[in-house]
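Read the structure below first, then the notes.
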Amino acid sequence: MAGVEEAASCGSHLNGDLDPDEREEGAASTAEEAAKKKKRKKKKSKGAATGQQEPDKEAGASVDEVTRQLERQALEEKEKDDDDEDGDGDGDGATGKKKKKKKKKRGPKVQTDPPSVPICDLYPNGVFPKGQECEYPPTQDGRTAAWRTTSEEKKALDQASEEIWNDFREAAEAHRQVRKYVMSWIKPGMTMIEICEKMEDCSRKLIKENGLNAGLAFPTGCSLNNCAAHYTPNAGDTTVLQYDDICKIDFGTHISGRIIDCAFTVTFNPKYDTLLKAVKDATNTGIKCAGIDVRLCDVGEAIQEVMESYEVEIDGKTYQVKPIRNLNGHSIGPYRIHAGKTVPIVKGGEATRMEEGEVYAIETFGSTGKGVVHDDMECSHYMKNFDVGHVPIRLPRTKHLLNVINENFGTLAFCRRWLDRLGESKYLMALKNLCDLGIVDPYPPLCDIKGSYTAQFEHTILLRPTCKEVVSRGDDY
């Protein structure tokens with residue numbers, strides 16, 4: 001405390017000894033020095049601030065450069081790999097956002113293995129692959145039909161029905177993919193029920209089953225050996241496919257009632273190869289001969305001539321291949337598998353002519369037996385009569401079954417397994433009642449004599465105004 005008082009008294013004494021002018025000059029010089037000190041401090045602070053800002057600017061510039069490099073790198077990676085849609089995650093937030101915004105469009109879907117992607121999803125533009133387009137055969141007087149392909153009128157008519165043709169093509173593409181899938185796994189030792197259900201499950205997925213708008217056109221036929229057509233297993237059928245069997249796979253798909261009816265024959269023993277070749281050749285001959293204004297009987301005659309030109313040797317015996325004369329091809333209508341006209345596979349049929357815009361199933365059956373089939377075995381195929389009117393029904397169970405048929409199948413064919421699948425039970429008496437009333441028609445298996453072998457090939461053709469399209473044609477047959 002004493003030291004502070006002495007300094008204060010010394011200061012006051014010194015001030016008291018100065019003149020007033022000297023005091024003013026001292027005060028002015030002190031103020032100038034203080035101002036200079038403040039200026040120096042400000043300069044230092046400005047210099048320090050400037051020194052801090054310059055590194056910040058350099059850091060910002062380096063971040064921007066890194067960002068630009070990352071963006072360039074991301075663009076190069078996208079160009080190299082169009083399928084890569086996600087960012088690496090190493091860049092900053094802004095770069096990540098840009099990558100998300102600039103995602104590449106997804107490429108077209110591809111079919112899975114086993115097939116499960118609907119055909120309509122594989123072709124999102126709604127335009128489906130065409131079948132084999134052929135020029136119509138020349139007329140009897142030698143005139144060609146080449147003019148149809150260039151006629152503006154015929155082109156306009158063809159275009160007017162493009163939506164219809166497109167429905168057939170979608171159903172045909174489903175058929176092609178299903179049968180390709182079937183050939184990859186069908187083998188001896190499988191039960192017929194297993195084969196049919198596996199096929200039908202795949203067909204339902206690819207056709208994108210939707211009530212009466214899209215689905216299966218008729219039950220899967222898998223007729224064996226002497227049985228030529230209309231066999232599919234009922235519940236409880238334990239039949240197993242054998243190495244020496246000859247199996248006709250006949251199944252159909254439809255879009256909006258536009259039916260694809262197409263069949264092929266499966267064998268494992270090469271001894272049947274010539275029989276299959278004969279029937280396939282006969283079917284292709286029928287397709288080649290078919291056309292606008294062609295008589296149905298002329299098609300049948302050409303088919304018979306080709307088929308009977310083949311001989312086959314099976315187990316040491318030689319057979320002439322015979323066309324099954326009471327089985328035919330047929331015209332196809334909307335939701336109607338047999339639309340009224342028949343295409344014979346022997347000579348002497350109807351002289352009715354094929355017409356522009358019609359659709360036909362050209363199918364041939366060859367046999368080593370008598371060449372005639374008869375009803376045999378337990379019935380599995382049924383179809384509502386297309387022309388039946390209102391028929392009064394008394395029994396409630398029968399009424400219920402008819403409602404189920406109308407809602408799920410309409411006038412398309414069905415089988416007992418499909419009724420089981422819908423949860424129906426104890427329906428056999430009701431089904432018999434519907435058959436007795438003529439509302440539903442039964443289609444039992446059709447067989448040649450025991451010990452004979454039968455084969456089948458079939459395609460659906462469109463008689464378009466400009467050309468003939470074998471819409472179900474594939475790489476397989």
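Cβ coordinates are placed from backbone N, Cα and C, and glycine is handled just like the others.
Swiss-Prot lists ASP261, GLU458 as divalent metal cation 1-binding residues, and of the candidates ASP250, ASP273 the one it assigns to that same site is ASP250. According to Swiss-Prot, ASP261, GLU363, GLU458 bind divalent metal cation 2; the candidate from HIS230, HIS330 that the record adds to this site is HIS330. In the structure shown, the C-beta of HIS230 has more C-beta neighbours within 10 angstroms than that of any other entry among the binding-site residues HIS230, HIS338. Taking the centroid of the Cβ atoms of ASP250, ASP261, GLU458 as the divalent metal cation 1 site, the other same-chain residues with Cβ within 8 Å of it are GLY221, PHE251, GLY252, CYS262, ALA263, ALA361, GLU363, GLN456, THR460.
Across the fold, the C-alpha of HIS338 (substrate binding site) and the C-alpha of ASP250 (divalent metal cation 1 binding site) stand 15 Å from each other. Taking all protein chains in view, 24 other C-beta atoms sit within 10 angstroms of the C-beta of GLU458 (divalent metal cation 1 binding site).
Distance noted between the C-alpha atoms of ASP250 (divalent metal cation 1 binding site) and HIS230 (substrate binding site) is 9 Å. Of all the binding-site residues listed (ASP250, ASP261), ASP261 sits in the most crowded Cβ setting, with the most other Cβ atoms within 10 Å.
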